[in-house]
Each structure stands twice: as structure tokens, then as C-alpha cells.
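Pulled from TrEMBL, these are the features on record:
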{"type": "ACT_SITE", "residues": "A:C50", "note": "active site, thioimide intermediate"}
{"type": "ACT_SITE", "residues": "A:D57", "note": "active site, proton donor"}
{"type": "BINDING", "residues": "A:V72, A:E73, A:S74, A:H91, A:E92", "note": "substrate binding site"}
Number of protein chains: 10
Amino acid sequence: MQPGNLSQLGRAAAPAASPDDAVLETVPYTRGDGPPAIVRFTCAEFTSLCPVTGQPDFAHIVIDYAPDARLVESKSLKLFLTSFRNHGAFHEDCTVMIARRVVEATKPLWLRIGGYWYPRGGIPIDVFWQTGPAPDGVYLPEQGVPPYRGRG
Amino acid sequence: MQPGNLSQLGRAAAPAASPDDAVLETVPYTRGDGPPAIVRFTCAEFTSLCPVTGQPDFAHIVIDYAPDARLVESKSLKLFLTSFRNHGAFHEDCTVMIARRVVEATKPLWLRIGGYWYPRGGIPIDVFWQTGPAPDGVYLPEQGVPPYRGRG
Amino acid sequence: MQPGNLSQLGRAAAPAASPDDAVLETVPYTRGDGPPAIVRFTCAEFTSLCPVTGQPDFAHIVIDYAPDARLVESKSLKLFLTSFRNHGAFHEDCTVMIARRVVEATKPLWLRIGGYWYPRGGIPIDVFWQTGPAPDGVYLPEQGVPPYRGRG
Amino acid sequence: MQPGNLSQLGRAAAPAASPDDAVLETVPYTRGDGPPAIVRFTCAEFTSLCPVTGQPDFAHIVIDYAPDARLVESKSLKLFLTSFRNHGAFHEDCTVMIARRVVEATKPLWLRIGGYWYPRGGIPIDVFWQTGPAPDGVYLPEQGVPPYRGRG
Amino acid sequence: MQPGNLSQLGRAAAPAASPDDAVLETVPYTRGDGPPAIVRFTCAEFTSLCPVTGQPDFAHIVIDYAPDARLVESKSLKLFLTSFRNHGAFHEDCTVMIARRVVEATKPLWLRIGGYWYPRGGIPIDVFWQTGPAPDGVYLPEQGVPPYRGRG
Amino acid sequence: MQPGNLSQLGRAAAPAASPDDAVLETVPYTRGDGPPAIVRFTCAEFTSLCPVTGQPDFAHIVIDYAPDARLVESKSLKLFLTSFRNHGAFHEDCTVMIARRVVEATKPLWLRIGGYWYPRGGIPIDVFWQTGPAPDGVYLPEQGVPPYRGRG
Amino acid sequence: MQPGNLSQLGRAAAPAASPDDAVLETVPYTRGDGPPAIVRFTCAEFTSLCPVTGQPDFAHIVIDYAPDARLVESKSLKLFLTSFRNHGAFHEDCTVMIARRVVEATKPLWLRIGGYWYPRGGIPIDVFWQTGPAPDGVYLPEQGVPPYRGRG
Amino acid sequence: MQPGNLSQLGRAAAPAASPDDAVLETVPYTRGDGPPAIVRFTCAEFTSLCPVTGQPDFAHIVIDYAPDARLVESKSLKLFLTSFRNHGAFHEDCTVMIARRVVEATKPLWLRIGGYWYPRGGIPIDVFWQTGPAPDGVYLPEQGVPPYRGRG
Amino acid sequence: MQPGNLSQLGRAAAPAASPDDAVLETVPYTRGDGPPAIVRFTCAEFTSLCPVTGQPDFAHIVIDYAPDARLVESKSLKLFLTSFRNHGAFHEDCTVMIARRVVEATKPLWLRIGGYWYPRGGIPIDVFWQTGPAPDGVYLPEQGVPPYRGRG
Amino acid sequence: MQPGNLSQLGRAAAPAASPDDAVLETVPYTRGDGPPAIVRFTCAEFTSLCPVTGQPDFAHIVIDYAPDARLVESKSLKLFLTSFRNHGAFHEDCTVMIARRVVEATKPLWLRIGGYWYPRGGIPIDVFWQTGPAPDGVYLPEQGVPPYRGRG
Ligand SMILES: [Ca+2]
Ligand SMILES: [Ca+2]
Ligand SMILES: [Ca+2]
Ligand SMILES: [Ca+2]
Ligand SMILES: [Ca+2]
Ligand SMILES: [Ca+2]
Ligand SMILES: [Ca+2]
Ligand SMILES: [Ca+2]
Ligand SMILES: [Ca+2]
Ligand SMILES: [Ca+2]
Ligand SMILES: [Ca+2]
Ligand SMILES: [Ca+2]
Ligand SMILES: [Ca+2]
Ligand SMILES: [Ca+2]
Ligand SMILES: [Ca+2]
Ligand SMILES: [Ca+2]
């Protein structure tokens, strides 16, 4: 993996004003022999806005992917996720949109996302999506986010 | 997802007097490419009545579904679940009835429910039901509700 | 401890329509030598109504007390707690009201309550109250209800 | 589900003196469309006797079954489990015997039991049995009883 | 507790643009006999900005207080906490500022805050402050937020 | 500690038919310099009968004591606890009775008991008692039995 | 299951000096209809010696097997495991040797072992082995031993 | 809190070669009314060298302090902790040395450290030190690092 | 701390045949200003013999002490603990004997031990002892060993 | 397994200066009948350097493999892992490189690695790789490393 000519890594980079403005940068990646590697990012610090009320929503986001020829650069991923801070979207759409943007940028062999949203009206919503069945022969443990408990 | 003309979202809406009176509202949903998304609702605040003794029953309810052309609107789901508050039903029937009503309203690709009832006579009952095997290619983590422990 | 002439124990007893209508029954209790015993009730199945919106509220309630000459009869306690099902009250008032009713009925040496309410607007409220410092020489472990976690 | 003419539900019923004397009562059950429902009973309060030493044994018992035309009535299940209190049996036999009795009474589509026995000589024994592979298309989460830890 | 003439409760209220613009509303409260009650708010969804880099910071906030003559109205508390979303402040200052604003608004007998900030540079910071020792005779369990673990 | 002439240790000993018939045997103990040692017994396998319904009750029992000149012999303690199997008593009475019998047999410097009973009617009862404040200078960790959780 | 003529059960039996000297006793077992039962033994108290340094090693051992015509008698299993106390063997060999001895003694349909060794040089070693894929149609939950955590 | 003229914050700063070479930078801090705030840093990523064998040691470090007129700047704290990477010291000395350096740099009202070292020879060592009893009136929760478990 | 002339550190040292033969080596220690440091050793790998039956006993041992002028050398502590492998002693005696030997060797300001023994007859015994109240002004977190759970 | 002529086992061996200089030693291994054994190493103490910033990175590493004719010698594995201490590599490359080196040294039937890296920028990265699907008929439990939680 060679860092290449990235615009965000190792510099003071401000988050984009919206997901549309954010750039997901990538670095070249060379797969060796054997099945693909799986890379997991866990973002416990995600927030966006409710498109109806404008109130903040929060989520815990886990992304698993099998890179092909490009890795997502992790700092640009963070800035991309930060760009949802003032973006309004329903939980279902927002979660899948994140996934599709990483797919678009890295053209991976496969990608999975789990969005674990904080409760609204006492009922949390989780959204799970993947591009298809996981590639053959990979190791892919469960995301393992604990279920919502309520109290007691 | 467009909110459309919903009667309950963003308004002060009283729960219906019974599940029969409750309306599960939906919003249009457009699936993109790839396998279906899975959406999970967790309701830790469910209560109904025992049909024999009239005493309150409590449950922790988890619903997983793969929406097709319609999403269940989450506020109307909450009001629907609240409508069981004065409804008497056995655990087995009540759990499956919730599932069938969501199926009827959203005509999903697939739906699963887990009803984790609080102990009666020292023995909790869990009820699991789904419309069939999960669709191919989806990500569907375990519901992961901890087993009943008793004391110690 | 002698069961005495209770109206609810061992019979099919319906919950009262409101806390005002509910009767907390007691049984005589003879303290032996030494410091008082502490008795803890844990009710994981409490529900009342929001006095502003009429929506259901849920709580996990823990009551610790040091009985003097009377024990609260546990079935009548359960029916008393059930009587809040259609009662509207703020979390702070409701929690302390439960405590004061048990005090009134049993005239204990001391009583403590913890009300651990399910989140509203994403923020759970806990309410703690006791009649005073615990009596000297008793064993009184922490209530130990896990803190609210959100997701992740 | 209709309660029917049960002898134990809603009455003061004494446990039978032995499993042979205990009656497992059932109620009619009508399966709807789709795969079978799975029903789980968790009994954290089981005790029997060691057939060699006569000393008490304790176990945590989990029963999963897919009812066909009859449900086991839960109070009679409890009384049946209580009837082992003075019954001597090895862990392996006792666990499977419970399962076979429920099978005999309800003729389910499928049944699984897990018996998680408390340690003897520092070594706990778990016994797992089922009538065959689970039916196609059902949801059947792991029983999830934590492994024995020892100390530390 | 009487709701009184609140501007935010039960209406669609937008969060203020900054903590300075936010109004913490209160409702009258009448203490009964005995030691003060303690009320705990847990906000798992707090975010502000780093004053140096402008990057988002996240925290889990727990507030314990002993109300005297006024309760903080919980919806206005939520909107107040939301108003930090575009506010830049160091962890130490931000945590104590929240506490002082609740003190200013409610003039409680006593108040404690714990701010549990997500890691930066691999090192999370927690900030604890209170107005003084807790009042005599109250029940005040530990906030009990789990320590940061890293991985493994 | 010398085993002495015990009737139960190292032999096949049947549990007594009732607590009255059970003998708590002791062995001589010589305290050395310094504060007393604390000894904790944890019995996760306790069962007795409800004095009203005759149904089995279950509890998790923890006993802490500071021996003076005699230790309770652990096998006789086990047989003593087993002797409650057919004994009917209320939770409050039963827990304290166990404690008083160990006090009577060993005349310890101090003793504490925690009885953590399995739920009845959905509400577990815990009973705590001790002979007085713990002796000065001892180490006495919390009993640490997890609180009752219900489901979810 | 009939106890038969065992030399160790119900008697004071000393552990053998080495695994070679230890005798694994069995009792006859009659399988009923249906798939095999699975029996799990958990030994949290295993110790052997490092063959290089002679220092003690410790392990947590879990054995799952599907008995055919003979059950391993649990007391002789305990004595067999105890016979490793002065035996030197590498983790890999020792774990599999235990498994093969139980296979030899009971000729089961299938057997699995997990040996979870305490860390040496900061790195714990786990060893897993089984005689082949589990028999069709059995229930076989994960051994579920928590992963090594280090500190924090 | 004003960042002031710091040499490390917001720049690419290399860790010092040794603790002696590392500079702990501070920022001015103004305490308001009331008892001191407590600030906790948790470093789950600490490593140094064994002074006897030269092998790496690892620890989880928790620092609590009550700042007076200066806060430790968190990036310089991280670089200071990183400077132990090639430093040899016994656990006891290393833990206390960290504490004394933070005391020297910030002259706090009070400071506590807990060093939770990974096991060597199967036995982890924890080291706890503080400058004295905590100041009056502060809130100071337990560090709460889980005890070492071994396996199982 | 200077390693000095130790006979066991950094060499292949065999455990002694009995605690009497084992030598607890120490290294000089210089306390700095302020309250004493507390050092905790956790040994999850302790085994001895039952003095009555000769069967192995296992324990999890935690030692806290406040060193004065000498530290216990940790490798010799490990060898000392290993020397109990063939030593028969009751739990109460064995736990306190370990503590007294460390006191004798290091003459600390204070020492505490917790011995958490694995269950025998289903009942684990814990033994706690310390030389007196902890010194003033030290930080001494709870040993925090989880309580025995049984099953479920 | 025979130790053979190893250069590092049982001697004071210094870690190599880089992974290239480190030697992974092996010992001969003879597989018996049946499916391969699986061996798991867990290293909770791994550190390397960021190739861009030179700052330390930390990871929790789990390696599962099915040895064929050679076992990796565990002390040389530890020294190999230690050799990354001054080595700069991206998480993805570093994790897979460890795996490939163990494959190269032992030519196993199969190997899996999980690298669980501590968070950078608030987002931890996990990397999973294996040489192919696990061999038929083995037992291979999940690595089970808990997911990253953030705070709360
Ligand atoms: Ca899995
Ligand atoms: Ca609950
Ligand atoms: Ca799964
Ligand atoms: Ca406490
Ligand atoms: Ca969170
Ligand atoms: Ca599963
Ligand atoms: Ca242990
Ligand atoms: Ca406390
Ligand atoms: Ca404590
Ligand atoms: Ca599984
Ligand atoms: Ca760690
Ligand atoms: Ca505390
Ligand atoms: Ca263990
Ligand atoms: Ca404490
Ligand atoms: Ca239990
Ligand atoms: Ca698995």
C-alpha cells in the first residue's frame, strides 16, 4: 500500500459541508495470493439530522469490505462520515447511502454495512445492507454490536 | 423515501384502543441495486394482558424485515405496539399477530419476529417466527437478546 | 411472619383502577435481635402514562426497606404497582409517590426507592429517594442497575 | 389458541409426586401460513436427586419446540418440571426424559432441549438433545446459556 | 409538579444555535418530607466541536441533581444539550459549563456532572464536577459508566 | 484448623429432613494476630417451599462471617442448607433463620447474609441481614450478585 | 443408564500418578430414537507441567461428545484429568491426548475438545480438535469460552 | 482555558526518545466556584521495557487529577507516555514516575494513578498511587478496570 | 528499585517442594514523598491439596500490599505460590498463610489477601484477610472478582 | 512434538530489530488420525509504527492455524511479533504480513488472522484474512473479540 497523492491525510482537513461535497480518497492496494482480506471500520461517533424534525440523530456504524485494487483512506472516510452532520436523511436511506459511496469510491469485491441507530420514541432502528453474499473463503466475524436493552 | 401523506407522523397521535383499531402506516420505498436491506426495530416497552387472568404481561420485541416497496412508518409502529396495552392474548398468538400485521401492511420480501416475554411462574417464554428463510445475500445478525438468567 | 387475614393473597385479585384505589396490604413482622433486616423488591415490569401526552412510560423500579412491625405483602405490592397502568404522573412524582405509599402502609424503619425510567427523547431519567440515611448496622448493597448505554 | 378444559390452569394445583404422576396438559393450536413458530421455555429453577447419593442436583433447562396442533400449557409444564424434585436420575437420562415427555404430550414438529447442570466435583455437565434437524425456514436463535466459568 | 407555561414542551421546537441562545426551562417542584430526591439524566448523544481543529467531539453525559423548588424541564434540557452541536469548547470547560447552566436555571440543592468523552489520540478524557458534597441522607448510586477498554 | 471428630465430613451423609433436624458441625479455629479473617460461602443451589402454596422457592444465598473460635464445617453447612428442601418459610424468615443458625453454631465475631430469591409474580425479593456492623479492620468486598434484569 | 460395577464412583479414590495409570471408567448407555444426545463436560481446574521447564501449566478444558453405547463415568473423568498434575506435555499434544483417551474408552459417535490454556509469555494458546464433523441432526452450541483479553 | 503558546498541539510532533527528554506542556486553567473538577485520562496503549530482560511490557494506565492553575495539554501527555517505549523500568517505579511527572508539570490540587500491567509469568501487577486523599467535595468514580481473569 | 543479588530472577529456577522450602526474595524499595503506593498481584493459577481427601483444590488469589522498604520479587512470588502444589491445607488456613509469608518477607506497611476458591460440593469459599485498615491516603480499588454464578 | 534444536526456546533471546531479521522457528509435529487440530494464539500486546506519522499503533492479534508437519514455536512467535515494535506498516499490510510469515514458516494446512487495531481518529480498523476456507471437519470457534464500543 502506498499513500500516493492524497489531499487529506496528514494535513488539517475540514469536513465537507455535506456528503455530496465530501471526497472519499483511496490508495492503491495489491491483493496477494489467497482469498480477499476483509477490512472493518467501526464509527461510534456518527450523527446526522432527522429529515422531518431537523433534530439530531445518532448512530454506531460498522463497515466491512473486501478491497480489490483500492483501499479507502481512513482519514477521508472519517471526514466523509463527518459530512453527514448537517445532512437530513431517514435511517434506512442514510445507512445504505454511506455504503454505496464507499462502493463507488473503492469498487470493492464486496461490502457490508450495519447502522445501529439510537432510539427514537423508545424504539431503535438497525439497518443492514451488503452488496451480495460475502466472497468465498474469507473470514468475516459477526459485527457483534450488543442489542438495545432499554433499562434494567 | 418520501414521507407522503401520513396521519400520525409529526402530530400528537393517541394510541388506538386495540390492535384492530390501530393503523400501520407506510411510506414508499425504492430498493436500489443489490440484495435487500434488512431493517430491525427493537421495542423494549411492550405490554399486553393475559387473556386468562387479565394481569399485565410484558415483552421485549424484535422485528427484522426486508422491505420491498413500502417501509413501515416508525411512529405508527410504535402506536400499533402501544395498542396492545389493553389487549388480551397468549404469548404465542400475540407475537405472531404483530408479525402478520406488519406483513399485511408492508408486504415485505421477508419478516422475522422474536418475542421475549418476562417470566410467569418463574418460566419465561420466547416466541420466534418468520415468513420463511431470509432472502439470499442479505446481512442479518442474530437478535442477540440475552437468555433469561434467574438469579445469581 | 403470619399471613393473617389478607384479601388478595392466594386469590384471583384484579388490579385496582388507580393507585388511589389500590390497597397495600401488610402482614405482622417480628424483628429479632440485632440490626434490622433489609428487604429489596425489584419490579422490572412497571408502566404508567405521561401526564402531558398520555403515552405510556416504562420503568424498572427497585425498593429497599427495613421493616419494623409490618411487612408489605408482596402480591398486594404487585397489584399496587399494576394500578399505575392508567395513571398519569411525571417520573419524579411517580417514583416518590410509590415510596411514600409503602411507607404509609408499613411504617418501616427506613425505605429507599430507585426508579430507572426508559429513555424519552433519547434521555432516560432516574429518580432516587429515601426516607433518610440507612439505619445503623444494616447490610445494604447497591441497587446496581446498569447505566443507560445508548448503542454501540 | 383456546384454553379448553384444563385441570391445572387458574387453580391451586399441587405438583405431582413424581414425573410419572405428572400430567402435561395441552391446548389446541392452529398454525397459520408460513413456517412453524418456535416457542422457548426457560426454567432456571429445576432440581432433581442424584440416583447414586440421593443428594439434590440443580439444572437450568431450556426447551425449544415447534408446536403442530397442540401447545404445552405452561402451568402444567411448570408442575411437570417440579415433579422431578424427589426423582432420582442421571443428568443425561433426566434431560432427555423431559424432552421425550413434552414430545409425547404435544407431538410437535420438532423439539430441542438443553440441560445445563450445576457442577459436581467441580465439573458441570451439559446435555443437549433434539428430535432432529430444525424444520426448514424457522428462526431459532442459540440458547446462549453462558459457559461455566469457575472462579476469577 | 405542574407543567406551567413552557415554551418548548409539547411543541415542535428547534434547537438553539448555541448554548448562549438556548433557554433551560423549569417547572415548579414541591419537595415533600424527608431528604431531597436525586434526579439523573443520561445523555448518550452529545456532540460539540474541538475549539482548535473544529472537528466534532462526542461525549456521554450524566447529570445528577437534587432539585429544590424547580425541576429542569427535560425537553428543554435536550434542546440545550443539542445547542452545543456547533459550539467549540475544551472537554473540561464544556462539561462544567453544562453543569453551571443547569445550576443557574434550577438553583438546585446540589448537582453533579460526569462527562465521558470519546478518545482523541487514543486517550479518552472524563471530566467530573459537582457543586459540593452530596446532601445528607440522599441515595446517590454511582454513575457506573464503564471504563474505556481499547481493544481486546 | 484441625478436622476433629465430625460426623459428616468424608462420609456419605444424608441431608436432614428439616432444618430443625440438621446439625451444623464446627471445627476449632485459632485466630492469629491482626484483624479477623472473613469467610464467604456462596450457595447457588438453595430451594425451600412457599408456606402458603407449597410450591418450591429458589434462592442464591451468600453468607459472610468472621469466625472466632470455631469454623462451620462446609459439608455440614451444605447438608443444613439442603434440609430446607421440604421446609416452608417466607423469604424474609428463611434468610434470617439460616443466618441465626450459623451464628448459634459458630458464635462468630460477626455474620452477614444475602438471600437473592428468584422472582414470584415477576418480582424477586432480596433479603439482607447481619449481626451488626462489620468488625474493624477487615476486608469485606461486596457480595456483588447481579441485579434482576427481567428480559432484554 | 445403570451404574454397573465401577471401581471409583461413590468411594474415596486417589488420582492416578500419571495419565497412563489412570482408568477411564464407563457405564452402559442406551440411545433412544432420534439423533444422538451431546454431553458436555467443562473442567475449569486442569493443570499439567511444561515439558521443557517443568513449570505448571493451567487450562480450561471443554469436552463435547455424542455417546454411543457407553457414557464416561464423570468421577473417573475427573480423576483422569487430575492425573495430568505431574505430567509434562505441550499444549497441543496434551489437549488432543485427553480427547483420544475419552474416545478410546467410550467409542463415541463423535467427540470434540477445546483446551483454553492460560497465557505464557503473554500469549495464551487454545487447541481445538474433534473426531470429525458433528453427527447429523444434533444440537451442539458453541463452547463459548470468552477470548483472552489482556488488561483494560 | 486558552491554548497559549504550545509547541506540540496541532503540529506533527515526534515522541521524545525517553521520558527525560519529553516535555509535558500545560495550558492555563481557571477554577470557578465550588469544589475542584476531576479530570481522568485513560491510556490503553502504554508500553515500556523490562529493565532486566529488555522485553516489552504493556500496561493500561488511568490518571485522575484535580487541576489547580494549569491543565496538562493532552497531546503532550500522549507524547510523554509514548516516550516510555524504549525506557526500561520496573512496574512500580514506572507507574509512580508517570504520576510524579504530571504533578511536577501541573502542580495539581491532587493526582491519582492506576497502572494495570499485562501478566508476566501468569501474574499481572497493578500499581496504585496518589498524592494524598482526594480533595473534599469532589466527584471521583472508581477507575473500574476489570480484574484479571485468566481463562474460562 | 535495584534488582540486587537475587537467586531466582532471570534464571531457570525450580519451584520448591513445599511452602516451607520456598524462599520469598525481596528487592530494596525507596518510598518517595506522599502516601504509600499499593501493589496488586493477581494469581489465577493457584492449586493446593485438600488436607482431608488429598484431592486438588484451585483458587484465584489476589494480594494487595503497601511496600515499605522492600518489594517482593515477582518471580520468587510465583515460585512460592507454585510450592503449594503438593501442600495440603484448608482454604481458610492456606489463604492467610500466603499473606503472612509475604508480610514476613517484606514487612510491608499493610497487606490484604483475597482467596477465591473453586466450588466444592457446589459451594465456593472465599477467604479475605488483611493486616489492618488500609494506610491513610492510599488508592485501593476493590479486588472486583466476580461472584460465583452457578449456571444460567 | 519434540522440541528439537531451537535457538530461542529456554534461553534469553532478544527480539530482532525488524520482522525481516526475526526468525520464526518451528518444531516437528505429527498429526494423528482424524481431522486437523486447530491452534489459536492470542497476542494482546502488539505494537508497530504508523508508516506516515511514525506514531505507535497498537493491536490485539488472533492467529488460528491448522498445523501440518510443523508447529510454530511459541517463544519465537512472540519474538517475531515483538520485532514489529519499530516497524512501520499500514494496518492492512501489517496484519496480512504476519499471517504470511507464519504460513511461510510452518506450511500449515490452513491459517486465519484477525487484527483488531486500536482507534485512530476515533475509528478502529479490524483486518481479517485467511488462506482459504477452513479444512473440513475441524472445530473452529469464533475469535470473539468484542466490538469497539466508544463510550457509554
Ligand atoms: Ca458467527
Ligand atoms: Ca427491562
Ligand atoms: Ca450469527
Ligand atoms: Ca457499595
Ligand atoms: Ca455510543
Ligand atoms: Ca447463532
Ligand atoms: Ca480462574
Ligand atoms: Ca457506591
Ligand atoms: Ca465496595
Ligand atoms: Ca453458534
Ligand atoms: Ca488492551
Ligand atoms: Ca465507588
Ligand atoms: Ca479458569
Ligand atoms: Ca470501591
Ligand atoms: Ca441460577
Ligand atoms: Ca459460531
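Any Cβ shown, glycine's included, is placed from N, Cα and C.
A map of TrEMBL features onto the structure.
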residue: A:C50; record: active site, thioimide intermediate; Cβ within 10 Å: 14
residue: A:D57; record: active site, proton donor; Cβ within 10 Å: 23
residue: A:V72; record: substrate binding site; Cβ within 10 Å: 24
residue: A:E73; record: substrate binding site; Cβ within 10 Å: 24
residue: A:S74; record: substrate binding site; Cβ within 10 Å: 22
residue: A:H91; record: substrate binding site; Cβ within 10 Å: 23
residue: A:E92; record: substrate binding site; Cβ within 10 Å: 21
Spatial separation of A:D57 (active site, proton donor) from A:E92 (substrate binding site) - C-alpha basis, Å
12
Could you state the whole-number distance in Å separating the C-alpha atoms of the residue listed as 'active site, thioimide intermediate' and A:E73 (substrate binding site)?
28
From the Cα of the residue listed as 'active site, proton donor' across to the Cα of A:S74 (substrate binding site), what is the distance in angstrom?
23
Students should find that the Cα atoms of A:E73 (substrate binding site) and A:D57 (active site, proton donor) sit apart, in Å rounded to an integer, by 25
Return the recorded positions from the list A:C50, A:D57, A:V72, A:S74, A:E92 for which some CB of chain B is under 8 Å from the residue's own CB; sequence order; 'none' if the set is empty.
A:E92
Is there any among the recorded positions A:C50, A:D57, A:S74 whose Cβ is under 8 Å from chain H, and which ones, in sequence order?
none
Three-class DSSP secondary structure - the residue listed as 'active site, thioimide intermediate'
coil
Cross-chain proximity of recorded positions to J (CB under 8 Å), evaluated over A:C50, A:S74, A:E92
A:S74
Largest separation between Cα atoms (Å) of residues that the record links to substrate, namely A:V72, A:E73, A:S74, A:H91, A:E92:
25
List the Cα distance (Å, whole number) between A:V72 (substrate binding site) and the residue listed as 'active site, proton donor'.
25
Per DSSP (three-state), A:E73 (substrate binding site) is coil
Could you state the whole-number distance in Å separating the C-alpha atoms of A:H91 (substrate binding site) and the residue listed as 'active site, proton donor'?
9
